[in-house]
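Quick look at what TrEMBL lists:
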SIGNAL    1-21  signal peptide
DOMAIN    42-255  domain 'Plant heme peroxidase family profile'
DISULFID  Cys54-Cys251  disulfide bond
BINDING   Pro96  substrate binding site
BINDING   His126  heme b binding site
BINDING   Thr127, Asp175, Thr178, Asp183  Ca(2+) binding site
DISULFID  Cys133-Cys161  disulfide bond
Amino acid sequence: MCLSRFVLLIFLVVVLPAVSADVAILRTDYYQKTCPDFNKITALELSCPGVVSCADILAQATRDLVTMVGGPYFDVKLGRKDGLESKAHKVQGNVPMPNQTVHDIHGMFKKNGFSLREMVALSGAHTIGFSHCKEFSDRLFGSKADPEINPRFATALKGLCKNHTVDDTIAAFNDVMTPGKFDNMYFKNLKRGLGLLASDHLLIKDNSTKPFVELYATNEKAFFEDFARAMEKMGTVGVKGDGEGEVRRRCDHFNNLNV
């Protein structure tokens, strides 16, 4: 999985549950009285033990990561609770996969109220981070290798991933041109055959999404504005309030587990 697929993380933590009425509890100043040092994430638990949810920490950290590498600032409303269940079978079929069609991926977003344009904007998160070879190796090797990948790019990826079956940690940057900068290069790359995942490449091939790729490739301001709005919207979907969740003591465990 891509290291900085913060959109996917938010999708897993926030979007998968059904929309609830608790969206109204979210506020940007939710912890102003109970934890005024909330923005200092590294000292958070020491300052306010048991007050701030992992879901809110993740949402805020996502925004901060985006801005740290040059991306747009967007408001993060706070007040979520952490979920009370985590089951692998509920993930399958509910999060985008590298080889899915535009239609299938949009279906996942559409059921949570996201337009095709918003989906493309959120896909722009692949302007940073990396993906493991197993997620795109079928585009490189064998009889089904994708002929539309930029030839020089394909050659480099084949060299990088030649041993991926014995070392599953081998990975490539999602954006080969500016991998550490949040910009619109991801969309420019798609036009050059430099999309890493099959689902990336399909955005420029599909007639329904191609116009948005073209727009964002030439207008970074439009991409930033749409991405910021889509992230703000994503943060209000499937919110768990009091009685529906908890504030975890450890983000990787439920509070009722003895660890």
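Residue numbers in this text run from 1 along the chain shown.
The backbone N, Cα and C atoms fix where each Cβ goes, glycine too.
Just so you know, TrEMBL annotations never went through curation; they're auto-generated.
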Exercise for the section: Measure from the CA atom of Pro96 (substrate binding site) to the CA atom of Asp183 (Ca(2+) binding site) and give the result in Å, rounded to a whole number. Expected result: 22
Fill in the blank from the handout: What DSSP gives for Cys54 (disulfide bond), in three states, is helix
Handout entry: Number of Cβ atoms other than its own within 10 Å, given for Thr178 (Ca(2+) binding site)
Key = 18
Exercise for the section: List nothing but the one residue from Asp175, Asp183 whose Cβ has the fewest other Cβ atoms within 10 Å; the candidates are the binding-site residues. Expected result: Asp183
Handout entry: Cα-to-Cα gap, Cys54 (disulfide bond) vs Cys161 (disulfide bond), nearest whole Å
Key = 35
Handout entry: Which recorded positions sit within 10 Å of Asp175 (Ca(2+) binding site) - Cα, from Pro96, His126, Cys161, Cys251
Key = His126
Completion exercise
The rounded CA-CA distance in Å from Cys133 (disulfide bond) to the residue listed as 'substrate binding site' is 17
Exercise for the section: Find the average pLDDT over the domain 'Plant heme peroxidase family profile' (42-255) in the predicted model and report it. Expected result: 90
